[in-house]
Every structure is written in C-alpha cells, then in structure tokens.
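Chemist: This is the structure, below, for whatever I ask next.
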Amino acid sequence: MKSGVLLLGWKENLQPHGPFWNQFDTPAVEPPQHPVEPSLVGTVPPSSCLSLQVFVFCHSFLQLAQLLVSGFMKSSISTIERRYGLSSQKSGILASFNEVGNTVLIIFVSFLGSRVHRPRFIGGGALLACLASLLMALPHFLSDEYIYTDRISSKTSCLCGTSSSSNQTCLEQDSPAQQMVYPLLLLGQLLLGIGAVPIQPFGISYIDDYASRKNSPLYLGILLAVTSIGPAFGFITGSFILKLYVDFDKLSKDDIELDPKDLRWVGAWWLNFLLASGLLFLSALPYLFFPREMPKEVRWDHWMLEANKAAVSPQELILVCRGKHSKFLPSSIHPSIHPCSNHQQSIHPYIHPSIHPCFPRIALRTLRSPIYLLVVLGLVNLAALVCGLGTFMGKFIEKQFSQTTSFSNMMIGGIGMPLAVLGIVLGGVLMRRFNLSVNSASKLCSAVIFLCVFFALPMIFIGCPTQTIAGTAHSCLSSNHACNSACNCPQEAFNPVCGSDGVEFRSPCHAGCLSRQMDTNGKPTVRNFTNCTCINEGLGGARQGTCGSGCSHLLLPFMVLLSLTCFIISFAQTPSYMMILRYETVPPEDKSFAVGVQYMLFRVLAFLPGPVLYGSVIDTTCILWGQKCGKNTSCLYYNLDKFRQRYHHKRTQNIPADRHVQTETGKKVKQTSLQVEIRQQLLLRFCSPQ
C-alpha cells in the first residue's frame, strides 16, 4: 500500500528527463523512417547487403553445410562399420566424438557472446569444420583396396573342398596406414565439433539481438528447420553416393563384382565428406564481411519490453524512470551501464576486457533461473530421443526390413526428416501468429509430448522375426556340422546364400555346396549352388544372397508412424527455444551464454553418451560376428526381435521424462506470470513518454 501511494504521489514528476532519457526525446516525438536501437545509432550504415535477412540466409546455408557432415556420418555408419570392421559401439563412439571438443569449449565460447565479433568467429569455425571434413575423407586414400571374402565371379574358392585356406592374409600387425584409419576419423570428428562451437550459439544470439520481437520466432524457426534439413539432405545425398562402389576411383567398372544389394557392398562413403568440405568453405566466406553490429528491427518503445525482461522492482522502476537508477537495465537499453555490457569500448577488437571477472556471476545468474533449467532439461530429453532416431535408424531399417543401405537412408532423409522440418516451421509460425506467452508455450510442448507417446509405442511391435541362420541359436545346425566338416571353411568367409529349405548360410562352403550354376549373360556371375550337403540331406541347393526377413511390407506402416512422431514432436522445438530467448528466463545480455550452456548440456547428457549407449545396446543383440584373423569385426546377423525391442525401449523411455519436465515448467511459469504482468503495467503507466 505504501509503495502504491508513493507511485501516485510521484506521478506528476515522472516525465522523462535526465541524461538517460535525452537520447529518446526526439524519436519519441517523431520516429525515424528506419528506426534502430539507440545503442546502435550511427554505428552501422543501413545497407541491403548487410541486412539481417541476408545474415539469416547465409547462416541457414552454413548450418545446412555443417549439418550435411552430420547427416553423411550417420548415413554412412553401417558402411564404415563394414569397411573397417567396427562394432556398433565403436561406430557410436565415432558418431559422438565430435561432441567432445564441442562440450569442452562451447560454454566458454558462448560466454563471449556479443562481446566479440560474432560473424568472424562463425566464419573461422566454418573453415575449421571444412578442414575436419577433409580429414574424415583421408582414410580412404591411405587404405588399401577393399577386400571382401569369398569372391564369387569365376573363382571356386567359395565351394566346399576348395576353401582349404583363407583368401585373406593375416599379419601380426596392421600396416601403419591401416592403424591410422580410426584415429583419423576420430580426429576429424573432434575438429568438426570444435569448428561447430561458435556457429549455432553466435548465429542464434546475433539474429535475436537485432531481430524484432515479431520476426525473431520466424527467423529462429527457419534456422531450426534448416537444422533438420541439413541431416535430411545428408541422408538423401548419401543414399545416392553410397550406390557408387567404395573403390570406383581405383578400379575399372568391369572389375567391380558386387552390386548394392549384396550384403558385402561398401559404398563411396568418403565422397560425402569431400562434398561437404567444399560447401563449408564456400559458406564461410560471407562472414568475413558482416559487421560486428547491425541495425535492429525494433520500434523506439523496444526499451520498455527490454526493461520488463530486466525484472525491475516497483521502487527501482521509479528511479529508472527518473534517470537516477540504471543498475538493473540491460545493456541493450543503456549500453554504458552494465558492468558486462555488450557494447562497451573494448581494449581488444574481438574480446571484451571484463570477461574473466564477469564469468562466474553470469554463470550463476543463468543456472539459477528455474524456468531456463526446466526448459533445457526438456530439450535434453528430446535430444536424447533424436540420438536414437538419427544415428542408427538407417541401420535399424536396413537390418529389420532387409533393405539396402541406400534405400534406408532415402526413407529417413526423404520422408521422416522433411516432416520434422515442417513441424519446426509450423511451430515458429504458431508462435508468431498467436504471440504465445511462456505459459502457453509450455502447455503446447506438454501436449506435443503427450501425443508423441501414442505414435512411438506401437513401433515396438512392428518388425520382422529373426530369420533362421545356420551356426546361430536360431538354428539347430552349427557352422561346423558334420555335413560341412570336411570343407575346411574359413571362419572369415561371408558370402550369404539362401538354402532351398529356407535356412541361410554365411557362405556356400558352410552350406556344403559342391558345384554351382553360372549365368553367362554378360559378365559371368553365379546363379545357383547345387549339391549342398547341409541342405535337405545333400539333395538341396542354394541361391546367391540372403533369405531376407520376409516382412518388408511392414516397412510402410512403420515409416508412417515414424514420420508422424517426428512431425508432432518437432512442434515443441521452436516454442522451447523461445522460452529460453524470451520472457523472464535470462537477461538479454546473457542470451549467447544461455544458449551455449543449453548446447553443452545437450552434448553432456544426450549427444555424447547417446550414440555410444545405443551402439552398445545394439551389440548385445548380435548373434553372429564377423571374423578376421581370429578377431571379431562387425556384426553379420542380429536377433531382430531383441534389436527392435531394445532399440525402441531405449528411444521411448525419454518421452515420459520430458512430459514430467514440461508439466513442472508450466507450474513454475504460473508462479511468475503475475509478477511479469505487474512490471509490464508499471512500465506502460509510469515510463511512457507524454
């Protein structure tokens, strides 16, 4: 009551005056044709070439190029496994290793925020990512020609009685070049993660700093959509490139004996990374010309909204309006006030002099925001779910429904991800159209997660049974049965054949086949194997290739449910991001740091451990490992029932947790919404120029 009387008693003295208000006097009466933020008046000359829309376009292209590398890696996971004999756990480590450097550096780089020349930092990161992509293609040029076992053309080594020795030469130690393959891939992923550190946090904060309140959700929705388009393009482009043989640059077309349907086929995975490297180089160039600061798309009354975010109390608000108090105003209103101001004159042109003393205080201020922490925790759950979808979904479709690697990638990149992009864009449009409050955004996210459960759970039951494979627990016939004991089959042999009795064998030798029938049309190839002692007591035959799971028709309903899940859950991304960048979550000058902390938590809790955990889970479902010189390589066959159940269980267990987090966010928002409304009414009543 006392404060209310105080406000009414001072009302006649609250007209804007003093040094703080002088800069607003003229614009309050007659706004300019192209209004800009007061702190940026005269800083950057208006130019269509340097407009924020151009920056959004360039940053979208850069994110597309950067995320192409991620899409290429995930689309090539099973191919790299097969080429270099990696387990799913090792390939999971490889897929997540780019998060190591990113996790270590992102919180410190993001803290720099608008205190540095953000466009140039973004360009430098893009050039480093370009180098990383080149390094990831280098193992192909250091490796020998791809050698697969039991070549079938005109040779007879795949038959029983002719395989007394392995067609692979076993050395005590691999060549130095071969030993460098996996470390080079890890190094490339590490540098890729470091290069990506400034790209998204600096880009998002730069756009949000200079975009109007109305356009910011739309710009953010575009960037988030491109974030999904990048991997989608990676999957689609990778699906075409993987149809090229891995050594097409070393062999003539006539020397390539395999086709993409063969389980031993390895596509030209390395060509993906060469393509991405060129695009990253081109996308880095424009950032050398963008200014450090840019005119803002705001009205002159933007300072009122910024002051609302600064959480000014009623008593402090009166002093602010009289020009006697400025401690709690953000730097975007009065840049000379805040001790960690974004626009203070810096000793170094790129780094602010007060970074070190401000870091602990800003970190504590950000981490003490309950709404911010709840929103980020919800996004972490979504990120953990995306880890399972992105990294091994191609392999899941390939193994579960007996599809080629190329076709599996096409399904993900051509159907699932475009619908996810559509959901992200519609989420941004929804925020812009209805100007959703933080409470409404929280309710929208909660409803989206609830709907997602209905589409995600049925996928656990849609899949194929494990085919009968000799030498595994799913067959009474062992790989060293009496029927093939005299064949001396090499353990590393892998040339799958399907017996006439429906049992699949890892090679014609393991099926005890003594002869074969050739197809002489064009290039000589094997049509059938005959006189197989392990099939129908020696009276059966076998055809080249796998028997398959026999339920490829279930792929259509599975893809429908997967696409709907991606579409629905992507609605929550833009509202969740806006809950961080807007309202009462963090002060405006801390947005870059808040986004950086968010991405650090993504990496520590989701992106870094996620692929490794998923890969380890998938390895537990392997029923037959490949062999090379007595050592296990990549998995040849999986228990499809366990693969499906464990994979989807790991993926869907994040949904209930995210639902709970969104509910708690809504409760916390309700507690603070009244305070926000009171501050806004005070600003409009006592600080409006008369």
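Positions of Cβ are set from backbone N, Cα and C atoms, glycine also.
Automated prediction, rather than curation, is the source of TrEMBL annotations.
Bear in mind that the values here come from a model prediction, so they are computed numbers and not experimental data.
Pasting the relevant annotations from TrEMBL:
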- 477-533: domain 'Kazal-like' (DOMAIN)
- 93-114: transmembrane segment (TRANSMEM)
- 121-142: transmembrane segment (TRANSMEM)
- 181-206: transmembrane segment (TRANSMEM)
- 218-246: transmembrane segment (TRANSMEM)
- 266-290: transmembrane segment (TRANSMEM)
- 371-392: transmembrane segment (TRANSMEM)
- 412-432: transmembrane segment (TRANSMEM)
- 444-463: transmembrane segment (TRANSMEM)
- 554-572: transmembrane segment (TRANSMEM)
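If you look at the structure here, what lies around each of the features I listed?
Modeler: For the transmembrane segment (412-432), the list of distant contacts is 71, 75, 214-215, 217-218, 220-222, 224-225, 227-229, 231-239, 389, 393-394, 397, 441, 444, 559, 562-564, 566-575, 578: same-chain residues at least six beyond its ends, Cβ to Cβ under 8 Å.
If one looks beyond the transmembrane segment (554-572) by at least 6 residues along the same chain, the residues whose Cβ comes under 8 Å of a Cβ in the stretch are 228, 378, 382, 385, 389, 393, 397, 401, 403, 411, 415-417, 419-424, 426-427, 430, 444-445, 448-449, 451-452, 455-456, 458-459, 462-464.
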Chemist: Counting only residues 6 or more past its boundaries, what in the same chain has a CB within less than 8 Å of a CB in the transmembrane segment (266-290)?
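Modeler: Beyond its ends, the transmembrane segment (266-290) has Cβ neighbours at 50, 55, 58, 61-62, 64-66, 68-69, 72, 75-76, 79-80, 82-83, 119-120, 122-124, 126-127, 129-131, 133-134, 136-137, 139-141, 146, 148, 188, 234, 237-238, 241-246, 248, 260, 405-406.
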Chemist: Which listed range (121-142, 218-246, 371-392) shows the maximal number of Cβ pairs under 8 Å with respect to the transmembrane segment (181-206)?
Modeler: 121-142
Chemist: Are there residues at least 6 beyond the ends of the transmembrane segment (121-142) whose Cβ is under 8 Å from a Cβ of it, and what are they?
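Modeler: For the transmembrane segment (121-142), the list is 59, 62, 65-66, 69, 73, 84, 109, 112, 177-178, 180-181, 184-185, 187-192, 194-199, 202-203, 246, 269-271, 273-274, 276-277, 280-281, 283-288, 350.
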Chemist: From the DSSP assignment alone, can you count helix, strand and coil residues within the domain 'Kazal-like' (477-533)?
Modeler: 6 helix, 20 strand, 31 coil
